[in-house]
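To start, the structure under review is shown below, and the notes come after it.
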Amino acid sequence: MKLSLTKVVNGCRLGKIKNLGKTGDHTVDIPGCLLYTKTGSAPHLTHHTLHKIHGVPAMAQLTLSSLAEHHEVLAEYKEGVGKFIGMPESLLYCSLHDPVSPCPAGHVTNKSVSVWSVGGRMEMTVSKFMAIQQALQPDWFQCLSDGEASCAEATSIKRARKSVDRSLLFLDNCLRLQEESEVLKKSTIIGVIEGGDVVEERLRSARETAKRPVGGFLLDGFQGNPTTLETRLHLLSSVTAELPEDKPRLICGISRPDEVLECIERGVDLFESFFPYQVTERGCALTFSFDYQPNPEETLLQQNGTQEEIKYVDQTKKINTTICNQEMTSFEINLKEKRYQEDFDPLVRGCSCYCCKNHTRAYVHHLLVTNELLAGVLLMIHNFEHYFGFFHSIREALKNDRLEKLKELIHRQAS
Amino acid sequence: MAAAASPTSLESAPRIFRLVAECSLSRARAGELRLPHGPVATPVFMPVGTQATMKGITAEQLDALGCRICLGNTYHLGLRPGPELIQKAHGLHGFMNWPHNLLTDSGGFQMVSLVSLSEVTEEGVRFHSPYDGDETLLSPERSVEIQNALGSDIIMQLDDVVSSTVTGPRVEEAMYRSIRWLDRCIAAHRRPDKQNLFAIIQGGLDADLRATCLEEMTKRNVPGFAIGGLSGGESKGQFWRMVALSTSRLPKDKPRYLMGVGYATDLVVCVALGCDMFDCVFPTRTARFGSALVPTGNLQLKKKHFQKDFRPIDPECSCPTCQKHSRAFLHALLHSDNTAALHHLTVHNIAYQLRLMGAVRASIVEKRFPDFVRDFMGTMYGDPTLCPTWATEALASVGITLS
């Protein structure tokens, strides 16, 4: 694995991670995102429909919370989770938790971490954790870590210190076990930076983790609601400053377009793509523009369209808060709204995804109103493609020194 | 009330069915339907896409499986999104972007089976909408009007549907009314050149009533006939006898559509009895319950003993699910909340049905249908003597013995 940076602009890293995978010939572009999966499958999508999407990332994210309970099956299967789930060609990163359903706090001890699966709580010691990874054989995996210092309202220094101590201990033990296994040596351990909101602990975590032979770093505990990220961004910069340049930096729990940009500016390389999934689940379609250099006529049309839609969204946000739409952002439209009943335009004009090329807002509206399964399929296709397109535009903007323009465009739509 | 249409009222009814091969022993036929959205090989199984969608699979996936005709439901679509909207969307084909053929039923069956407060009169079926409580009348004219707006390639007459377990004068009343409603549908049909109106033979489980219905309806020059009023709660013994009676009196040069039949054994037997077209929610519905169809029956993939079964559902199946996935993976996925599991099974079950029909057709064309039937029953039941009695009898009635 080799990370090469093409350029670094205002803290943003543009580059490629090369020589990845079992055959050593896969590449991951940074800044980039990982394909979000549930139990080893993109939500709603079969291999056939997933591959209709343009720009699917080279690396998919698996969650231990969804796969740990299948550990015995995978051990007997012997050929690794990639082949088991029907994605033998994909790079795989295994995270501890599912970013969409964070697990209840209070289940980390000095010896174990718990994940929550369909069957309930699964407690994992280092040896159990590594045995599961041995059965999974992912390309990368998040090391067992204590992420609970950031769960509570205000972290005590003591709790922050414990999260760092425990995570380092877990890391050292995992590395030791890795050394003893030919199978595990083929996977790369991603070290986890903990420390809650306590600067000293964060820096200690970063420096100490960086001393270990990890393949990359996961910045844990920066997720929360939009305001918590704001206060943590400063901390994020301090942390990434301590990390080596030649190893990738992943962050968990951050997936909104505006937050993604903030984190890229503070040295983060890879993100999870669960945001398009959340948008799908609330019957919405991503419509935000990332075309930072459109032609003038298109700008006018888009602006008028966007403004109108944003205005409407603000008006209806209040009405909708009671029906679980309070998390809806201004990056999307709610296709359940009556206004789309006779709208025969595609979800987003100019989008080349399967849904926009073949179907209309009216049709998706109908599918949502009648509770048809196809709604989720079509929205997931569109939302993933739109989101992957956004990341592509970030890389292009960085390449052409236009990130400010893109940032401006995204922030205009974020209000 | 419109007078009964004269036999020549639909002289221009197109001949949409071309006979390709017939079994020399049984009544099985292989053929081809010539429909506005392309040819369809028969015998054919038509998956049911109730609300302008084949559940979780895309139009492209359905096309890739080789499906060339599927169903939409007039009752559901008539309520949501409604015929006016669908017309604005360039018909049902345009609305769901399906390039091949569509068959819509009249809405009659749902009216009676889904709606508790429905009332049948000579005018039509009066009912209360489950969504907004409004009262509407579905008359033969209105049903045809909605189906004209939907633009489906085959449309069904509104029939007076009674459950096959009902006996007495109601059955006779419904049979005669269905004939009168057929004539009203024919008269109301605005697009006979673009849409093929099929009659539906009624008469319940009474041979005399059914024979009367057959005699009357075959006087009307419609492009095709459906055998209705079966596939309810009747015994299989009664069922097959009514199917056989119907096919014996229906013209050979028009397609015979047996409504609501979809279990593999039933399909094979009813092809032997002379049916060409079938529809049923069973394969797609059972998929969503985790059940995969195989030549020996079905696999309940949620069950524990599939946990470590690393084989595909069917090693002989070429569908995308069997190409890529094992029973073990599907088992795991079915126990998650990822809907992809359901779609994998829906794809496979539709592939299974279409493959079965393709194999049936090939055997008819290659003059080995009786052998095919014996092989099929042997695989499904292990031993010909274990084949259900009704099926053995039905096959024997058309010259096919199993042992």
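Glycine is no exception: its Cβ is also placed from the backbone N, Cα and C atoms.
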> What does TrEMBL list, out of A:H382, A:H392, A:H411, as binding the same Zn(2+) as A:C351, A:C353, A:C356?
Replying inline: A:H382
> Do any residues at least six apart in sequence from A:C356 (Zn(2+) binding site), in the same chain, have a Cβ closer than 8 Å to its Cβ, and if so which, in order?
Replying inline: A:P346, A:L347, A:V348, A:H382
> Just how many other Cβ atoms lie inside 10 Å of the Cβ on A:C351 (Zn(2+) binding site)?
Replying inline: 19
>> Using a 10 Å cut-off on Cβ-Cβ distances across all protein chains shown, tell me which of the binding-site residues (A:C353, A:H382) has the largest neighbour count.
In response: A:H382
> Which chain neighbours of the Zn(2+) site, leaving out A:C351, A:C353, A:C356, A:H382, have a Cβ atom within 8 Å of the mean position of the site's Cβ atoms?
Replying inline: A:P346, A:L347, A:V348, A:S352, A:Y354, A:C355, A:K357, A:I381, A:E385, A:H386
